[in-house]
Structure formats: C-alpha cells, structure tokens
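Annotated in Swiss-Prot:
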- Gly8, Cys9, Ser10, Gly11, Lys12, Met13, Cys85, Thr86, Thr87, Ser109, Ala110, Asn111, Met112: NAD(+) binding site (BINDING)
- His142: active site, proton donor/acceptor (ACT_SITE)
- His143, Gly152, Thr153: (S)-2,3,4,5-tetrahydrodipicolinate binding site (BINDING)
- Lys146: active site, proton donor (ACT_SITE)
Amino acid sequence: MTKVILSGCSGKMGKMISQSVNNFEGLSIVAGIDKFKDESLKYPIFENITECDVNADVVLDFSRPDALDSLLSYSKDNNLPVVLCTTGYSKEQLDKIDEYSKIVPVFHSANMSIGINLINNILKDISAMLYENYDIEIIEKHHNQKVDAPSGTALLLGNTIKDSIKEDTVFNKGRNGIKKREKNEIGIHAIRGGSIVGEHEVIFAGAGEIIELKHTALSREVFAMGALKACEYMAGKNNGLYTMDDVIKSKN
C-alpha cells in the first residue's frame, strides 16, 4: 500500500482527491496538510508539513505556490517523492524545482489531465509545420476563484508551441489597444467566470480554414485521478524530474 500525505487537503481539489482515492486499491491518504481542518476527512490534518510525523511514501500537493519551500525541504529531509500539482509558480520557484529534482524524486505538471497532456504531445508534432501559414491563439476558461492568469496549462501549451518553432516567438497575453497582430505572436487569453472547471483551446487560424484543438474538463475528478496515478507512478522512483508524459508512457 502506497501511503500519501495530501497537502491542500481541505480545498476543492483536496476533497476530490480524498473521494477519488477509493478507486485505487494500492493507495491510501494517511495525513493531510491544511490550515483549515475539515472534520469530515478521515485522517489527521496538520497546519504545516513540518509538524507531520506520519510515515508515508509520497507527498502530493494541491495547495498554493508559497508552500513549495516547505514541501521540498520535507521531501528532502524524509527522502520522499513529491508530486507537485499546484500552478502559478514563479520562474525562481520553477528553477528551485529543477534544482531539488537532482536530490529527490520530483513530479511536476501544470495539468493532471491525460487529455491535456495528449494535446500537448500533438502540439509538439504539428506546431512547426503549421506556424508559417497559421496564426496561433490560445483561449483558457476557468471559474471565478482561480487566482493565476494565464493558467499554468495555457502556458504549458504555449511554451510547447514556442519550443517547437525555430523562429523567435512572443506571447501576447490579453490583446488590447489599437495594434496590428504580429506574425511571431502567440496570443493567450484568460476568461474567468462562474464555476467553469477548465477549458483550453488552441486555434490555428489560416486563410480559409481554422484548426482547433480543444479540451474541456467536466469535473475536477479528472485532475484528481491523474494526480493519484502520478502518486502510484512516483512511489519508489529515483531522483529526477518527472512529468505526466512519464505516467502516460508507463501505461503503454
């Protein structure tokens, strides 16, 4: 049985993970980390991970970027793999994740959905081929409580496109004003409203036709299931930086 410490256990995603873990025979949540103690959860909850004295095999985080330092330190001190599902990290924090992956097993993905990661792989294959004759725009939609924009997933998709194209490209985040669209732009637009779980659309707009890749999450369960699959995968892994691609490939 792989024992999981869940950081952010009292949030919406934390609660969904606590429900979804019942679908995994080989996983159990043995402790939670959150400043809000939800009495409905059936495991001990600590306000800070430094207080946690429960034996575990993996740390799973769905909290906030400012928890990163304590999570990485705990993972290092206890020699535990850490699964980072939080978005909104700064460049400095992303660099720290890379640095720590040399001494502990670290999983990091901007989106835990299998579908999004398959679209990301498709973009690696088609972006360079389409760039010359198509304008590229990304639209992402989320609920009105999401604090980071553009979403980590939109940036993931955008960076995949940028990395696939030999020419220098730039992000135009939220086009505004009176200005002609430049050829080397990749537009990224964020919409916030209601209870939208998550929707991402990549548009290749050419002369006379439009190619669209779109993913819609209908429930947070899709992210919870992906995160728990990542926990299964990371148990016992060697030091290194892992992504959802590694999880997908392991199932083939």
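Placed from the backbone N, Cα and C atoms, the Cβ positions cover glycine too.
Between His142 (active site, proton donor/acceptor) and Ala110 (NAD(+) binding site), the C-alpha separation comes to 14 Å. Using CA atoms as reference points, the recorded positions His143, Lys146, Gly152, Thr153 were checked against Thr87 (NAD(+) binding site), and the closest is Gly152. The recorded positions recorded for this entry are His143, Lys146, Gly152, Thr153, and the Cα of Lys146 lies nearest to that of Ser10 (NAD(+) binding site).
Lys12 (NAD(+) binding site) is 12 Å away from His143 ((S)-2,3,4,5-tetrahydrodipicolinate binding site) when you measure Cα to Cα. Neighbour density at the Cβ, taken as the number of other Cβ atoms within 10 Å, is lowest among the binding-site residues Gly8, Gly152 for Gly152. Within 10 Å of Gly152 ((S)-2,3,4,5-tetrahydrodipicolinate binding site), as judged by C-alpha distances, no recorded positions are found among Gly8, Lys12, Met112, Lys146. Look at Cys85 (NAD(+) binding site): DSSP puts it in coil. The (S)-2,3,4,5-tetrahydrodipicolinate site is set by His143, Gly152, Thr153; from the centre of their CB atoms, other residues of the chain with a CB within 8 Å are Thr87, Ala110, Asn111, Glu140, His142, Lys146, Asp148, Ser151, Ala154, Gly198, His200. If you take the CA of Thr153 ((S)-2,3,4,5-tetrahydrodipicolinate binding site) and look 10 A around it, the recorded positions you hit from Gly8, Lys12, Ala110, Lys146 are Ala110.
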